[in-house]
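Q: Relevant sequence annotations retrieved from TrEMBL are reproduced here:
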- C19, C23, C26: [4Fe-4S] cluster binding site (BINDING)
- 5-220: domain 'Radical SAM core' (DOMAIN)
Amino acid sequence: MDRPLDRPLGLLAELTHRCPLHCPYCSNPVALVGRRAELPLGHWRRVLDEARELGVLQVHFSGGEPLLRRDLAELVAHAHGLGLYTNLITGGQALSERRLDRLVAAGLDHVQLSVQDAEAAAADAVAGRPAHGRKLAAAARVRAAGLPLTLNAVLHRATIGHTAALIDLAERLGADRLELANAQFYGWALLNRRALLPTRAQLARAEAVVAAARRRLAGRPEISYVPADYHGEWPKPCMHGWGSRQLTVAPDGDVLPCPAAGRIPGLGIVNVRDAPLAEIWFRSPAFNRFRGTSWMREPCRGCPRREIDHGGCRCQAFELTGDAAATDPVCRLSPHHALVTGAVRDAEHAPLHIVRRTP
Ligand code: SF4
Ligand code: FES
């Protein structure tokens, strides 16, 4: 039986898809929302009001690059005034001292800063432009302002060998937390999957490095490691279950159960311009489509792990099989599991050729 419906704890506010960087592992959609379609400040304020009423405790301002919204400080102030914990997820390019001062005054609680690699030349090659120097300066400003700092690095074939150097960098920058996340294959990243997938040998080495660093550092910084999805036997419990803890508002106001769900056709996605957030959360077809377990087919329906991993990721099932209700092919019980093992095998000797977004 499905459990009674919870309220969301977190709101991912994707303020814009615009971004100065060109990372090959970008999980935003291939077709981005343009600037003119972005929700204006007044609508975002209403989204924050309704999210708080709904029970949301944390708001993650994300993108694209949220600093490209000139009204970011107003949004942070509004969220702070509602008692929400505010997190800025940024690439740090426009985080000048003045900008950070305004955000701190507005009540910003936390910064999550991405780095593309540990050394400038390699990092800038991933970002597609000189970016690393500004990121280091941004990290120093965040620490000087007394804000907690999480450093985030996406691991893939070209960078996973630098895991130890990334840990050193997080230590040097005084980060409170380091998130090492293996690339996930949604949106633009799926186009580059062959070049991004790490080898099993690379993963084994990186995991040993992380384990040793955790012993040495004893939580300073705390290291969070997101394993490589495709190399496991069981899928990740994506979003802790569809429509259970978090909601995403896309730059154009579409309300999504997860950032990638906009790709699934026929979900019945509702826009914040058309209905209150509570109505969308509790009653919209998109949020109810994969809640609980009653939508599952075999092998998930009769599986003892169905409450643990919720059948895996709906978006991944859709991207790989064309059917969002299929068992996530990462699962070794999925009839489509060979799609994942084949992709890993195929990538072992594939060239590092990547496709970049054009500005
Ligand atoms: Fe999870 Fe479904 Fe695989 Fe069971 S069959 S482990 S519920 S994905
Ligand atoms: Fe959408 Fe996993 S990314 S359910």
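Cβ atoms are placed via backbone N, Cα and C, with glycine included.
Thinking about packing and proximity, how do these listed features fit into the structure?
A: Around C19 ([4Fe-4S] cluster binding site), the same-chain residues six or more apart in sequence whose CB sits under 8 Å from its CB are C26, N28, G63, G64, E65, L68, G91, listed in sequence order. DSSP assigns C19 ([4Fe-4S] cluster binding site) to coil, not to a helix or a strand.
Over the domain 'Radical SAM core' (5-220) the predicted model carries a mean pLDDT of 97.
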Q: Taking the mean position of the Cβ atoms of C19, C23, C26 as the [4Fe-4S] cluster site, which residues outside that list, in the same chain, have a Cβ no more than 8 Å away, listed in sequence order?
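A: Filtered neighbour residues, in order: L21, H22, Y25, N28, G64, G91, W188, R357.
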Q: Just jot down the residues in the same chain as C23 ([4Fe-4S] cluster binding site), at least 6 apart in sequence, with C-beta under 8 A of its C-beta; none if empty.
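A: Spatial neighbours, sequence-distant, of C23 ([4Fe-4S] cluster binding site): Q116, V126, A127, G128, V154.
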